[in-house]
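Record features (TrEMBL):
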- 110: active site, proton donor (ACT_SITE)
- 181: active site, proton acceptor (ACT_SITE)
- 163, 418, 462: (S)-malate binding site (BINDING)
- 253, 254, 277: divalent metal cation binding site (BINDING)
- 88-268: domain 'Malic enzyme N-terminal' (DOMAIN)
- 278-531: domain 'Malic enzyme NAD-binding' (DOMAIN)
């Protein structure tokens, strides 16, 4: 996708760096920021810790029943806690016992629950999380950033709320997405929570229902566009760099297509930016496809791909597949793209439509007569891999899946749209309509399904496999730019984590129970590529990047508190 973005920015590459090269495959730390990223601290020590009731309401320092009797006496906690004193290990055991009552936790922490939370955010809002930057703060964005209590920020997830999952424009209520994503950065990738900053840019909303909702918490105006929008975003990007430095990762989340590509192209050469919808989705889907080759056979170049959906997710996935195919075959990416076809709301993307296409769709316009719908495209293209990124539920119909299965022994079907209600088909439909022959993965979770006596376990192409480890890799290497080769490195690392036991169940992704190990391996591969490309600033390079990644992961170990004098 760098080639498309490079064209948008007039030929400038993310690797066109001005800082002086240094020994070991990195660039000089001209901003003197290594101290901000080198040390991955556990629960931070402060010189002054609150006492009494205030301490029990401070999540940074509250240890609950793990406060010792001496600490309870010293910090005015006597009588404010039950008399039992327990260890942190016992607290963890109790928490895990409660969590394991849920069959699967990730859908509760993130999609689909987070989508419902965003829809109801105004009604359930009690206390603020993250920073809200609205048009009212124009000219004062740097001051707003300085209001945040933490100074050493490593990862920012920012949204403008215009395209939340498959739910559309939720305006200011999109804050649930950055909060949820950063929770996963900590839980799955080990990035310390105090180094994470959720941000919502509020430029209004075009959602009439929200504008009329008395509980709506955002600006009550229609969305700002054009120069007014661009100016606020530019002020934000400049202020972030000024306040937090060169190496803070800015992850764009749930921006509409027209802004997502523009922002990635504009700031890719000046900031450490990453768009999870375009790049994260692409990386996790590519990993699933690479892993699936062991089940469906052949090399990547032996397969033909058909997408329903040509937005930021679809075109991002398509480009990364083409890049990996090019890397494996040494064939130019312009040629490997011809193995990949996309269908949008107007039908198959072909050359005769090229003049009317948005810039990010043009590379996918191939020579073919016009085809009006997906079924027609399936019959004409005869894909071996069918991928849905349309955001429209139940669009992989019985006839479409039966048709794909008619010319594939093991068709790979990936219904990626979120939340569950927007999935192009269910796992049950994919397995039933393909007579149990499909290899299936989805964006949202589906339960195992039994067909003809065999239990199929659907894979989940969840971005949470990629972005936490990817971000950790950027942090530990002190990277200052994101390049496509780093995305390929993340995909390759994830695909290698799929075991024979997983394959025997029809899975093309490893279980989330191993996610910290998975994230460490992804982080190491991404960091290695950053050093190879010369965009890493953490020097010298650690000898064992996997062990270094694991050592940098946040662990919430309690500190002992001093007695009052």
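Start at 1 and count along the chain as shown; that gives each residue its number.
Using the three backbone atoms N, Cα and C, a Cβ is placed for every residue, glycine included.
TrEMBL annotations: computationally assigned, not manually curated.
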From the recorded positions 110, 163, 254, 418, 462, pick the residue whose C-alpha lies nearest to the C-alpha of residue 181 (active site, proton acceptor).
110
What's the CA to CA span in angstrom from residue 418 ((S)-malate binding site) over to the residue listed as 'active site, proton donor'?
11
10 Å Cβ neighbour count around the residue listed as 'active site, proton acceptor'?
26
I'd like to confirm something. Which of the recorded positions, 110, 253, 254, 277, has a Cα closest to the Cα of residue 163 ((S)-malate binding site)?
254
In sequence order, which residues at least six apart in the same chain have a CB under 8 Å from the CB of residue 254 (divalent metal cation binding site)?
159, 160, 161, 162, 163, 164, 165, 174, 177, 277
Check each residue in the chain of residue 462 ((S)-malate binding site) that is at least six apart in sequence and keep those whose C-beta is under 8 Å from its C-beta; list them in sequence order.
106, 110, 111, 284, 443, 509
Given that the record lists 163, 418, 462 as binding (S)-malate, what is the largest C-alpha to C-alpha distance among them, in Å?
18
With Cβ-Cβ distance below 8 Å and at least 6 positions apart along the chain, what are the contacts of residue 253 (divalent metal cation binding site)? List them in sequence order.
157, 158, 159, 177, 178, 181, 275, 276, 277
Compute the average pLDDT of the predicted model within the domain 'Malic enzyme NAD-binding' (278-531).
96
Residues close to divalent metal cation site centre defined by 253, 254, 277, Cβ within 8 Å
159, 163, 164, 177, 252, 255, 260, 275, 276
Is it possible to get the count of other C-beta atoms within 10 angstroms of the C-beta of residue 277 (divalent metal cation binding site)?
24
